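Structure record follows, encoded as structure tokens.
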Amino acid sequence: MGLLDSEPGSVLNVVSTALNDTVEFYRWTWSIADKRVENWPLMQSPWPTLSISTLYLLFVWLGPKWMKDREPFQMRLVLIIYNFGMVLLNLFIFRELFMGSYNAGYSYICQSVDYSNNVHEVRIAAALWWYFVSKGVEYLDTVFFILRKKNNQVSFLHVYHHCTMFTLWWIGIKWVAGGQAFFGAQLNSFIHVIMYSYYGLTAFGPWIQKYLWWKRYLTMLQLIQFHVTIGHTALSLYTDCPFPKWMHWALIAYAISFIFLFLNFYIRTYKEPKKPKAGKTAMNGISANGVSKSEKQLMIENGKKQKNGKAKGD
């Protein structure tokens, strides 16, 4: 007998039981959350984080439509300040995690979460909270792309990376603000110091961009980061580290998704043969010296005619 053939009372009982189990599970998960962070900003409830992420996705959808008939914003100074501000923020996070884990005697192989109010543990938890906040601030990367009409930069990889990092790290801070969680955040914040340094330098304009030949190595660094994260997490599973197993497996799956996406980006950007462009220094159909391509072609053709002493049709 199927569920649809059951008596109304029994169906209601099944639904009621399922709802009660869900509520009990929710209460249980809340009971094992990290008490140290429960009153920190954004940590009382998931709704502020989910609301910010929803607004972000709405802007990704509506922003390009709003900018369609508008001139792109000129944001050089804003970008310089923002990018070097992110360098300082990530440097602060890296330093706090490194010093906190060092003083707490953390192991890079296996480290359980200490939920005590030990000064070093609270320092690590606070640094991880700042790391979570930094992922929310990074939504501005996308906002600036859209306001500058660089919509080609707002790829699936870009949106997936930004949206999931901020949203999922709320879970990390709520339940495991310490222990093994420090390693990935420490590694990622270090890479972001390098990454935002590059972006900050590019914001100065073309005169410095010729010295920034190392852009492709940023993607390689990120790919190495994901492989190191998987290896570190797999080692923790192998040693039966007393850290939530579900989070270990979730982290491995998450890192694998990034490897596929970043590898695809790297191949398309640096390995596939590029289509020939109309002119290396051309900007919107006009070359660097202000002469359009069609005018240049006519000048070349006229020069050939004069060299031969007569026009082609004479």
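Cβ atoms are placed via backbone N, Cα and C, with glycine included.
What Swiss-Prot records for this protein:
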- ASN20: N-linked glycosylation site (CARBOHYD)
- 42-62: transmembrane segment (TRANSMEM)
- 78-98: transmembrane segment (TRANSMEM)
- 127-147: transmembrane segment (TRANSMEM)
- 165-185: transmembrane segment (TRANSMEM)
- 188-208: transmembrane segment (TRANSMEM)
- 217-237: transmembrane segment (TRANSMEM)
- 247-267: transmembrane segment (TRANSMEM)
- 275-314: region 'Disordered' (REGION)
- 293-304: compositional bias 'Basic and acidic residues' (COMPBIAS)
- 305-314: compositional bias 'Basic residues' (COMPBIAS)
- 310-314: motif 'Di-lysine motif' (MOTIF)
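A Cβ distance under 8 Å defines the sequence-distant neighbours of the transmembrane segment (217-237), meaning residues of its chain 6+ beyond its ends; these are 108-110, 180, 183-184, 187-188, 191, 194-195, 198, 243, 245, 248-249, 251-252, 255-256, 258-259, 262-263, 265-266, 269-270. The local packing around the residue listed as 'N-linked glycosylation site', expressed as other Cβ atoms within 10 Å of its Cβ over all shown chains, amounts to 10. For the transmembrane segment (247-267), the residues of the chain that approach it from at least six positions outside its boundaries are 155-157, 160-161, 164, 168, 172, 175-176, 180, 184, 216, 219-220, 222-223, 226-227, 229-230, 233-234, 236-237, 241, judged by C-beta separation under 8 angstroms. Non-local neighbours of the transmembrane segment (188-208) in the same chain are 76, 79-80, 83-84, 86-87, 90-91, 93-94, 97, 131, 134, 214-215, 218, 221-222, 225; each lies 6+ residues outside the stretch with a CB under 8 Å from one of its CB atoms. Tertiary proximity for the transmembrane segment (165-185) is limited to same-chain residues at least six positions away from its ends with a CB under 8 Å from its CB atoms, namely 29, 32-34, 36-37, 42-43, 46, 49-50, 52-53, 93, 97, 100-101, 106, 108, 110-115, 121, 124-125, 127-129, 131-132, 135-136, 138-139, 229, 232-233, 236, 241, 243-244, 247-248, 251, 254. Outside the transmembrane segment (127-147) by six or more residues, the chain places 37, 40, 42-43, 49, 52, 56, 59-60, 63-64, 67, 72-73, 75, 78-79, 82, 86, 89-90, 92-93, 96-97, 100, 153-154, 158-159, 162, 165-166, 169-170, 172-173, 177-178, 181-182, 185, 188-189, 192 with a CB less than 8 A from a CB of the stretch.
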